[in-house]
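What TrEMBL says about this protein:
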DOMAIN    88-512  domain 'Major facilitator superfamily (MFS) profile'
TRANSMEM  82-104  transmembrane segment
TRANSMEM  124-145  transmembrane segment
TRANSMEM  181-202  transmembrane segment
TRANSMEM  214-236  transmembrane segment
TRANSMEM  242-265  transmembrane segment
TRANSMEM  326-349  transmembrane segment
TRANSMEM  361-382  transmembrane segment
TRANSMEM  391-410  transmembrane segment
TRANSMEM  422-446  transmembrane segment
TRANSMEM  458-478  transmembrane segment
TRANSMEM  490-509  transmembrane segment
Amino acid sequence: MWVNTVHYQPVGPVPAIVTSLRNPNLLVSFPKPKTFRFLRLVKFKASAAKKQQLTKLETRKPESENFTVSEKNGDEVADYGWLPAFPHVLIASMSNFLFGYHIGVMNGPIVSIARELGFEGNSILEGLVVSIFIVGAFIGSISSGSLVDRLGCRRTFQIDTIPLILGAILSAQAHSLDEVLLGRFLVGLGIGVNTVLVPIYISEVSPTKYRGSLGTLCQIGTCLGIITSLCLGIPSDNDPHWWRTILYIASIPGFIVMIGMQFAVDSPRWLCKAGRLDDAKAVVNNLWGASEVGKAIEEFQTVSKNDGSDLNSRWLELLEEPHSRVAFLGGTLFVLQQFAGINGVLYFSSLTFQDVGVTSGALASLVVGLTNLAGALCALYLMDKQGRQKLLIGSYLGMAVSMFLVVYAISFPLDEQLSHNLSILGTVLYIFTFAIGAGPVTGLIIPELSSTRMRGKIMGFSFTAHWVCNFLVGLFFLDLVEKFGVSPVYASFGVVSLVAAIFANYFIVETKGRSLEEIEMSLNPNIQARDK
């Protein structure tokens, strides 16, 4: 939560199209990590037939080349290869807008809700109204993997809008605490599924060259949703019944997603896995270009043939290689993201702004929201230029420096005004650097590393770890600050950020410019063994 007037509400991953040209020589293996044998990547040893197939992959042209338009005004080239997939990605990102909206929608109105429904002053019940959302999201994340496997992303999106719409309307019409709690639980349930669905869908329908930039729309959607809910919540200070209006408004994006997905495509990879080859070819032709159809379908079928990519994957397969390795990476990335303190810093940012004279909670929230949005826009530009690993490492290093700057401002004898200014600078810099890497990259790189067969369940497991850590940080943050003070807690956030940067350096491999099938073949020894 960006700012909280009564009770701290934890934030989900503030999950973040200009792109660079992709190296046409597709690589088939990742660079080795420097150490750590557990995650040592498998060298790609292929049979003669496999090598012949890879030779074809190496000479293929970048996806969406058919949509690249040259404008001979000097040396300028306008590249519109992202455009065919953009409307579909935009509809999916509306789910993240809804996620952001529900993060911010209870920020101010919780006071009016508590007063009207008769539990004003009861901090436990006020906190329950806010945190029941996380319980629903936890359950939604667990269930999402099986839904995606069986129904595909498009139908799952449409089904998932039902609890989102019903939850918003039920909360808006509530005349008792129980009705509000049920409505918030239903919303959380839908959000838990959506946070898993959106990165999977975008990674599977986007052309390889633009997958990173299009994936950043997840975070941009979340930021815009939060800013919108905070702006719409301003009248609640003067109108005690305004909270019902903004909760009714929360149902509108759900209807947009439900209707929009009727016209969106399904993932070509899921269509191939479901045996609908003609539909998969049509999607590839429309989104990536006619020249990509044969090569893409060949890749899909190669992976499906070797890893048994059907619609009946089991949770126990997460214990098998290479799925266990990717699940470990996904869970650890989200644990580090949450314990690096993003929720705590966002909560405490309102008090930091008050120290420099910004007494308006709405203004403080707007500054934080715009900072986050600016970081997300930078990530959109850099994701396919610098790559995921560099952004992740740089982001966490920036977060660590920001935390240590705030600790320095608080702990050392400085001029009071200088101390406040350094605290503001550290807080804004922390949020900005988070939005560049730790926010968008975490949700994007996990589906990229996951196999086609287990992508849904690995993402579900990873986000389940996220919601657990989100809840724990929200539960203990204020108690830790009260017991130890702000400085030691912020210092611990800085240390965790350094650990996350080291982890990303040794364990995370670059996925920029590689197709999902190429990544899977590099990581999966089973594919190599079966082709010998």
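Cβ atoms here come from the backbone N, Cα and C positions, even for glycine.
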Residues from the same chain, set at least six apart from the ends of the transmembrane segment (214-236), whose C-beta lies under 8 A from its own: 2-3, 12, 14-17, 82, 85-86, 89-90, 93-105, 107-109, 112, 198-199, 202-203, 206, 242-243, 246, 249, 253, 362, 365-366, 369-370, 372-373, 376-377, 379-380, 383, 435, 439-440, 443-444
The transmembrane segment (391-410) vs the transmembrane segment (242-265): 3 or more CB pairs under 8 Å: no
Sequence-remote partners of the transmembrane segment (124-145) [C-beta within less than 8 Å, at least six residues beyond its ends]: 1, 6-10, 12, 102, 106, 110, 113-114, 156, 160, 177, 180-181, 184-197, 315, 456-461, 463-464, 466-468, 470-471, 474
Most Cβ pairs under 8 Å with the transmembrane segment (490-509), selected from 181-202, 326-349, 361-382, 422-446, 458-478: 326-349
Considering the transmembrane segment (326-349), which listed stretch of 181-202, 422-446, 458-478 counts the most C-beta pairs under 8 Å: 458-478
Chain residues in Cβ proximity to the transmembrane segment (181-202) (below 8 Å; excluding those fewer than six residues from its ends, i.e. six or more beyond): 12-13, 15, 89, 92-93, 95-96, 98-99, 102, 106, 128-130, 132-145, 147-148, 153-154, 156-157, 160-164, 166-172, 174, 211, 214-215, 217-218, 247, 250, 254, 267, 443-444, 446-447, 455-456, 459-460, 463, 467
Beyond the flanks of the transmembrane segment (242-265) by 6 or more, those residues with Cβ under 8 Å of it: 87-88, 91-92, 94-95, 97-98, 101-102, 105, 109, 112-113, 154, 157-158, 161, 164-165, 168-169, 171-173, 183, 187, 190, 205, 225, 229, 232-233, 235-236, 283, 286-287
